[in-house]
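Record features, source TrEMBL:
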| type | residues | note |
| --- | --- | --- |
| DOMAIN | 597-855 | domain 'GPI ethanolamine phosphate transferase 2 C-terminal' |
| TRANSMEM | 380-399 | transmembrane segment |
| TRANSMEM | 419-438 | transmembrane segment |
| TRANSMEM | 450-478 | transmembrane segment |
| TRANSMEM | 646-661 | transmembrane segment |
| TRANSMEM | 667-687 | transmembrane segment |
| TRANSMEM | 708-727 | transmembrane segment |
| TRANSMEM | 747-772 | transmembrane segment |
| TRANSMEM | 784-805 | transmembrane segment |
| TRANSMEM | 832-855 | transmembrane segment |
Amino acid sequence: GMVSNWTKIPPPLFKKVVIVLIDALRDDFVFGSKGKQFMRYTTQVVEKGTSYSFIAQAKPPTVTMPRIKALMTGSIPGFIDVVVNLNSPALLDDNLIWQAKAAGKRIIFYGDDTWVKLFPKHFVEYDGTTSFFVSDFTEVDDNVTRHLDRVLKREDWDLLILHYLGLDHIGHMTGPNSPLVGPKLREMDNILKKIHISLLSKEDASLPNLLVVCGDHGMSETGSHGGSSEEEVHTPLLFISSAFEKRSGPLTQPELVQQTDLASTLAVGLGLPISRNSVGNLILPVLGGKTMREQLRFVHLNAFQLSRLLQENTPAYEKDPGYEHFKIAEKSHGNWIKLYLEGNNSEVLLNLGKKVLKQYLEALKTLSSSLSKQVAQYDIYSMIVGTVIIMEVLLLLLLSVPKALSSWAEFEVPLSPPLFSLLFYLMCLMLGAVHVIVCTSAESLCYFCSMSWLTAVGVMMLISALMCGILSAIAKIFENSRLPLKNPAVSSSSWSEIDVLILTGTVGHVLSLGASSFIEEEHQTWYFLINTLCLVLCQELYRNNFPLKECDTQHSTTVKQNSDSIWEASECKNIDIPAAGNTKLCKATSSSEFTKGSDKWISLASPWIILICCRLLRSLNQTGVQWAHRPDFGHWLTSSEHKSELSFLAAVSLLMIFVLVQRRCSLVSKIAMALGLLGVYSYRAAIGNVIFPWQHENKDISKGITEARFVYVFVLGIVFTGTKDLLKSQVISADSSVKSTGLWEVYSGLVLLAALLFRPHNLPVLVFCLLIQTMTTKYIWRPLKFDAAQITIMHYWFGQAFFYFQGNSNGIATVDVSAGFVGLEGYVEIPAIFLTAFATYAGPLLWAIHLLCYLSSEISR
């Protein structure tokens with residue numbers, strides 16, 4: 001009886017296990033007011049039943065596929081999984097599902113087909129539902145529930161996994177405060193009740209059953225996920241089984257555990273080995289009903305597995321505090337076993353056992369945290385190669401830009417000389433040698449080393465050619481700088497204040513991206529730059545409209561005296577100032593632009609109107625990280641009690657869009673635009689975002705597919721008309737007015753598409769975008785006669801600011817996935833990706849196309 005059995009796996013603690021994973025289940029949906037209101041049975045079990053409840057903390061990125069990986073392997077997935085999330089390959093890491101199958105357990109799965117892709121051939125029976133068609137709230141869950149009655153009656157399974165997607169889809173479409181969330185939670189509650197009662201009725205004397213309820217990630221205040229806000233990373237984790245003691249006493253706040261802890265806890269519960277790469281700790285209360293000897297054995301298994309993982313990943317593992325704690329705990333455990341076998345007093349044994357258990361838990365915590373820091377291993381060599389190529393291309397562009405922006409507008413990149421130089425071949429040889437050394441000595445898997453030799457050689461030749469190109473471009477610049485200047489008058493032009501602002505603003509923004517907090521709050525940079533630009537434009541307009549009749553020395557320095565001045569000098573007086581002893585130039589503009597009285601005053605007011613518009617837009621959507629949770633006007637509008645206000649705002653916005661866009665369209669396009677915008681309102685009314693005045697609140701909600709397709713027809717019609725005009729201007733007649741009309745019609749077609757894809761509360765963003773474009777064109781840029789480079793950079797600034805006005809940020813959670821499913825019956829990859837991308841980048845895109853329209857309409861210049 002003295003032989004050690006610690007190498008054998010302990011027997012299972014539960015007979016059947018059911019895992020119910022509810023996608024995007026936030027912790028407050030179960031433990032908060034919504035839980036008490038809509039999940040009554042679950043709340044009752046949590047408060048008074050035989051259950052343990054925890055808040056599981058997920059690590060970002062909070063998207064489904066990496067979270068399933070974390071739950072089943074206990075490891076922490078990397079950010080590349082955000083990209084892979086769209087098309088998941090089979091999971092090759094050691095995981096709970098594979099261990100269960102290897103142990104002969106029969107697994108049944110129904111729900112999100114990501115599981116089927118991650119674990120092919122692991123389930124004895126499965127039915128996958130598509131996770132990307134987000135406007136489906138009901139069928140996606142009904143397809144899971146329809147199997148339940150049949151499966152719960154059967155005895156031929158050990159592990160049942162159900163993944164419900166409806167709640168996540170409601171979040172994406174309408175947000176966490178939507179009236180659709182309550183009924184969905186009630187539906188989930190009824191399903192949990194059915195499963196729990198069935199499991200209890202099936203129990204016999206052998207082993208109890210276990211029901212696990214969890215979420216993969218939470219849901220932000222906008223209904224999206226992917227980031228690291230508290231709403232996105234905190235999910236409920238419930239263990240319900242007759243093996244646990246009934247809850248008594250006052251209700252306490254659920255304890256915080258890591259999402260990765262589930263894999264090791266379930267492994268011990270099912271009598272399986274803990275997954276090799278798991279960094280999770282055992283959730284001890286779930287296994288706490290066992291004897292002290294068994295409990296110590298469970299935590300020893302977990303600590304042993306974590307110490308093995310540490311040994312594999314850390315050369316100096318013996319000095320790690322977690323490993324030291326583990327060795328101390330293991331020694332104490334040995335002493336405890338000795339006392340236990342000697343049959344010592346149970347009181348002494350119990351106290352000593354608790355002490356050992358505490359030591360183990362301390363060791364587990366330390367091991368887990370030091371492993372979590374190391375798990376993120378990066379392929380440094382491949383990253384360096386990629387960075388070198390990017391930096392070379394950037395340098396080459398920077399060297400070529402001054403020539404491209406000069407009056408000759410040449411863009412020349414010298415690529416032919418490098419390929420015939422000796423330096424090129426020497427660099428290729430050197431890089432080849434480095435590649436061989438790195439790839440033969442690398443211990444871990446490297447992406448660049450796993451490429452074919454032909455590809456690797458191609459990459460090295462590219463690096464060498466770019467390097468030689470840079471050197472020859474620098475040489476050319478030095479050559480040119482020695483030549484005498486052709487036109488000294490032009491080259492010595494002074495810079496205006498606008499030029500200085502545009503350059504310092506753009507360079508300052510690029511430098512600000514060196515700090516992560518500036519990336520998180522990038523919108524603040526753009527808002528600041530836009531406001532400053534408006535004030536400088538205001539100053540330029542005042543100078544133009546109220547020129548100085550007499551010049552004094554301090555003002556004359558700011559006057560631009562070169563050929564492409566932004567002021568039109570139509571008359572100049574020479575005033576002799578004896579003290580200065582020379583003649584000063586002075587300007588007084590009397591251009592026809594400013595003779596019209598009303599236009600003059602509108603022109604002077606326009607920067608202030610733009611500032612007011614930008615201020616209103618800022619309070620529409622809070623974005624970024626630190627202040628994203630603050631209440632904003634958008635949240636107020638989208639709450640269910642303000643539906644009539646939202647409907648009124650949407651109707652006015654659509655009317656304004658029509659007024660602002662139609663002025664340069666043909667009659668056919670005007671009619672199409674009006675019908676299209678009417679279709680947009682009908683679509684939003686059909687899916688329940690807005691209401692018609694004659695409509696009752698409790699109308700049936702549809703997917704609005706017919707209405708959306710009706711709008712798509714007009715979008716395509718307008719874009720087609722514009723494209724036809726463009727082709728006509730290029731091929732048949734070189735008429736620039738036809739070209740300008742064509743471009744404007746393509747632009748208005750895209751405005752209609754944006755109006756369809758934007759959420760109703762975001763329609764004012766589109767209105768203000770068009771309003772600012774109209775005002776700046778007519779009252780600022782044309783009178784001040786800016787050059788193309790200045791206008792281009794102003795468009796770029798406004799485009800970036802409007803990206804953030806839409807409510808976007810640099811976090812993945814603000815991407816509005818629902819836009820990709822407008823008018824689609826199922827998940828169609830290419831249209832869904834195009835529509836999501838268009839809706840996300842509508843601001844920068846509309847400003848870029850407006851720039852094309854504007855520059856092509858400036859025929860006289």
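Placement of Cβ uses the backbone N, Cα and C atoms for every residue, glycine included.
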Query = Does the chain bring the transmembrane segment (832-855) near the transmembrane segment (747-772), so that three or more CB pairs sit under 8 Å (pairs 6 or more apart in sequence)?
reply = yes
Task = With pairs restricted to those 6 or more apart in sequence, evaluate whether the transmembrane segment (646-661) and the transmembrane segment (747-772) have 3+ C-beta pairs under 8 Å.
result = yes
Long-range neighbours of the transmembrane segment (747-772), counting only residues six or more past its ends (CB under 8 A) = 610, 613-614, 616-617, 620-621, 633-634, 637-638, 646-647, 649-650, 653-654, 656-657, 660-662, 665, 669, 673, 676-677, 679-680, 683-684, 689-690, 708, 711-712, 714-719, 722, 798, 802, 805-807, 816, 819, 822, 835, 838-839, 842-843, 845-847, 849-850, 853
Request  = For the transmembrane segment (667-687), find every same-chain residue at least 6 residues outside the stretch whose CB is under 8 Å from a CB in it, and list them.
outcome  = 135, 173, 647, 650-651, 654-655, 657-658, 661, 695, 701-704, 706-708, 710-711, 714-715, 717-718, 721-722, 745, 748, 752, 755-756, 760, 822
